[in-house]
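Annotated in TrEMBL:
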COMPBIAS  1-23  compositional bias 'Low complexity'
REGION    1-78  region 'Disordered'
TRANSMEM  282-303  transmembrane segment
TRANSMEM  315-334  transmembrane segment
BINDING   SER378, LYS384, GLU385, ASP414, LYS605  UDP-alpha-D-glucose binding site
ACT_SITE  ASP414  active site
ACT_SITE  ASP843  active site
TRANSMEM  913-936  transmembrane segment
TRANSMEM  948-969  transmembrane segment
TRANSMEM  1046-1068  transmembrane segment
TRANSMEM  1074-1092  transmembrane segment
TRANSMEM  1104-1124  transmembrane segment
Amino acid sequence: MASRSIKASRSTLSSSSDLQDSQNGKPPLPPQVTHARRTSSGRYVNYSRDDLDSELSSGDYMDYTVHMPETPDNQPMDSISQKVEEQYVSNSLLTGGFNTTTRAHLMNKVIESEANHLQMAGAKGSACAIPGCGANMLSNERGNDILPCECDFKICRDCYMDAVKTGDGICPGCKEPYKTSEVDELFQTRQPLSLPPPAGMLKMERRLSLMKSTKSVLMRSQTQEFDHNRWLFETKGTYGYGNAIWPKEKGFTNGKDEYSGEPVELMSKPWRPLTRKLKIPAAVISPYRLLVVVRLVVLGFFLTWRVSHPNNDAIWLWGMSIVCEIWFAFSWVLDQLPKLNPINRATDLSVLKDNFETPSPDNPTGRSDLPGVDVFVSTADPEKEPPLVTANTILSILAADYPVEKLACYVSDDGGALLTFEAMAEAASFANTWVPFCRKHNIEPRNPDSYFNLKRDPYKNKVKQDFVKDRRRVKREYDEFKVRINSLPDSIGRRSDAYHAKEEISAMKHQKQNPDDEPIESLKIPKAIWMADGTHWPGTWLNSSPEHSKGDHAGIIQVMLKPPSDDILHGSSDDGIIDFTDVDIRLPLLVYVSREKRLGYDHNKKAGAMNALVRASAIMSNGPFILNLDCDHYIYYSQAMREGMCFMMDRGGDRICYVQFPQRFEGIDPSDRYANHNTVFFDGNMRALDGIQGPVYVGTGCLFRRIALYGFEPPRYKEDHPGCCSCCFGQRKKHASTTREENRALRMGNSDDEEMNMALDPKRFGNSSFFVDTIPIAEFQGRPLADHPAVKNGRPPGALTIARELLDASTVAEAISVISCWYEEKTEWGQRVGWIYGSVTEDVVTGYRMHNRGWKSVYCVTKRDAFRGTAPINLTDRLHQVLRWATGSVEIFFSKNNALLASPRMKFLQRMAYLNVGIYPFTSIFLIVYCFLPALSLFSGQFIVQTLNVTFLMYLLIISVTLCMLAILEVKWSGIELEEWWRNEQFWLIGGTSAHLAAVLQGLLKVIAGIEISFTLTSKSGGDDENDEFSDLYIVKWTSLMIPPITIIMVNLIAIAVGFSRTIYSVIPQWSRLLGGIFFSFWVLAHLYPFAKGLMGRRGRTPTIVYVWSGLIAITISLLWVAINPPAGTNQIGGSFQFP
């Protein structure tokens, strides 16, 4: 293994002209950094280092890389050194952090099995034939060795450069001079022109000129000759220093002096939208809105009647009931009013393909003009989040139907575990077979585990004759892949034990040779975790030691799959076990990231890990859009990202901060006992919010606009922005100029003339100037196409067909520095930039901050589920999950993110929805009281009203009927089933009487006493019974959250028996009061039925402590009631009934 130190700064290496060597027939020398001074005339005069040192007082001197000022058809050639650098980086494990040197460890071996893909880290190559060298040869995109001489003598890059410098360009094999033309053809690649811009250009144009010149590179005829006349006519470009700038002339404006990016002759073609808004039929939504109003009015009259007609016989019972009913009415209003304007949306993928991937005058080659997407996958504990689940998610991402060169996947391992690292390497190796197989046969879904476990016929609609044979071979490969993944813990343990024993033996031998050292008995060597190449794993060890524990380890970045080539690379019949002829075999960029953790730092859990990925990805790929997925949520629909991109690239899409997809789950029991599908929320509430300002962010399955995460406000936003339609109750008057500090946002330029107000000080984004430089590029690349006069703030078509920059070591070293534990100190990361800290539900807070700045979000429901994941079907795990969500809501309510403090940019109904998010856990207090009221009524023989008169019964009937009719209509427009609605109602009461109450208590403890709230990850692993898919459903694990619901059940059952006995043995039976109490008790018990059923388990596994606690509490409450309010006649309940 080799390692070297890297200075964390951007590389200044580039091509330099070497005319003298070319004239002498020598190949060009490797790139060198030169220094120059820019004169007043704009020329650059070369200076040596000594000359510069003597004139440092002048401000005109700078480090500068010399470029030849060529025309677009004669752009400077990039040296092979950049490809060598990228290959070195992709095969190196980079580590670093606070007060440590960033080091690159060359990985000769990443996993035990052999790397079989050209892009994969540790891929084997031919060795250099120079004696004593043995370095790997540089290979092209297909893995073939690059041989600079006709004799095919194998020579690495370093030896070749030595031969050029010291051997007069003579080949060590045949002793003949290297031919310059052939060397140029083999070693050099064409790169975009990047020169110092003219002094007259605007600052924004200087930043974006690189992307505006892409037409000059692509517009070539079939003869590969550059068409000057066509280029000058269609782009109105200019030659000379700098890039081809599209000047603002008459044909390039839309009449408002705004850049539109298209000549007038191209603006006449029909324009088709990428998305459509589908209204809910009036026959459904109109009665729904009418019923909401009717029920609201009836609730008002009912509460007025209840307040004016107290029960004087049991004023305490009446008082508790009226307080609870008022709160329930308020809670219902908060939940119901944001549902008044639900909408559906549809996308048109054919228009997206025509606009971005079809040959046109702006894109003659038809190369994809879609923006890049960086996919984030987060994991933290390989024991609770099995590596096989994460690996399947990674494979579904790598096989997604999106341009390969525009897609990058970043895996955040917050636990720093070697098990996760090697599982990702195994996934990258298996992707060599799985991804081309999916492309060849159009496989859906592209998660191999889900695909091979499909219940339907896998051969349906498969037209290629070799599909059966290919599927069988891939299935066999996947079975072997699963065996390797599942055996990783044992193989890592055996390997580490062997190396540890070898270390101990070596240490003992060394100690024997040096008797002056400490005695052998005191020799203790920490038991390390060893990688496949025989070196220490820099992350966490099983036996924690300093700098190798879960909260104390270095930052790690490993490029598992290096960036693909920009051109399609077709496979052949010799590529592997399957014939991949005419199939693109490239794989997207795959990067393993484990941020640095040190003792004494608050790492902010998942939000901190996501912010580290935001910075690292900006340095390495800088995709203008970010897709966030949990490790157990995989891509079920391969074109899901294209669907989301339709909204981002449509007219007005530049004001959309994120596209939220619904969460769909697998492995849920058929009856969905605990409402795990949560369809009422995902298909009801979220569709309704889409009609206001947009759905809330729910933590996964969300496509973000990167610039919105940086804290910028949407473009073209006016402070006196009027409200929308009456249903949204938007702000109608201009608000005060003063804005709360947390609501302030960076202003984005509305055109190239207006500068982005980035406030590029370290206080906001940190001290990485490299990172700051990526911000305007991401903003520009995320703009919609300026292909229509109505599109404002657009970019010119064809601007993103440019070839990417190659990775170098300094780039990855910079990525290491931005994931260090100290980087966020004294910055606004987690405050106004990135994922927001301070809550266990960082997702809701992050989305709230974006809406608070004026951004909009969109809900994308695809015909085929976009993503699928897993959910806990065990009762205890489900309650703990709900507890975490509710605790986050309580934190939001007591923080500055309370919707009551929102800015005027947030619409009224959107504010009401966010207010409901923070308030709903407090309903548990009133709900528990109300669940005990029927039992108290039966114990006391009283009721919440004086008598069950006609008025009370009519109000109760109207309220109940309108609720049922609203449920039916909501089921109609949301597409859910009535049974799902009922399951949601049941679990609302189960969660409200258990987890929500505990969340309120925890939130109050944090606010009052400052006690931090800790939570555990939801386990993604299955049950012990492999033969039963739903074995987890029957496992009963004791938790204190079960005490309140069990007590409610027991007390209500005892109360029904006591009330029935009282009425039967009474001299004057009060049947009306008995029926009222029993009716409400049965209402409570019906809602708690799934909870009671879950306690029964399957084989009588209910813990004894459950029944002991429940029985003791129920008996205690019953005896206390008898003691407080004894029945008439000492111990007589009624009639001849006597206590024993």
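Placed from the backbone N, Cα and C atoms, the Cβ positions cover glycine too.
No curator has checked TrEMBL annotations; they are predicted automatically.
Feature annotations (TrEMBL) mapped to structure.
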residue: SER378; record: UDP-alpha-D-glucose binding site; Cβ within 10 Å: 22
residue: LYS384; record: UDP-alpha-D-glucose binding site; Cβ within 10 Å: 14
residue: GLU385; record: UDP-alpha-D-glucose binding site; Cβ within 10 Å: 23
residue: ASP414; record: UDP-alpha-D-glucose binding site; Cβ within 10 Å: 22
residue: LYS605; record: UDP-alpha-D-glucose binding site; Cβ within 10 Å: 17
residue: ASP843; record: active site; Cβ within 10 Å: 24
- Query: Who are the chain neighbours of the transmembrane segment (948-969) in space, where the CB to CB distance is under 8 Å and they lie at least 6 residues beyond its ends?
  - Reply: 284, 287-288, 291-292, 294-295, 298-299, 301-302, 305, 336, 978, 981, 1072-1073, 1075-1076
- Note on the structure: Same-chain residues at least 6 beyond the ends of the transmembrane segment (315-334) with a Cβ under 8 Å from one of its Cβ atoms are 296, 299, 303, 306-307, 912-913, 915-916, 919-920, 923, 926-927, 929-930, 933, 936-937, 940, 942-945
- Item | seg_contact(the transmembrane segment (1074-1092), the transmembrane segment (913-936)) with at least 3 CB pairs under 8 angstroms, min sep 6 | yes
- Task: Calculate the distance in Å between the alpha carbons (Cα) of LYS384 (UDP-alpha-D-glucose binding site) and ASP843 (active site), and round it to a whole number.
- Result: 21
- Task: Among GLU385, ASP414, LYS605, these being the binding-site residues, pick the one whose CA is nearest to that of ASP843 (active site).
- Result: LYS605
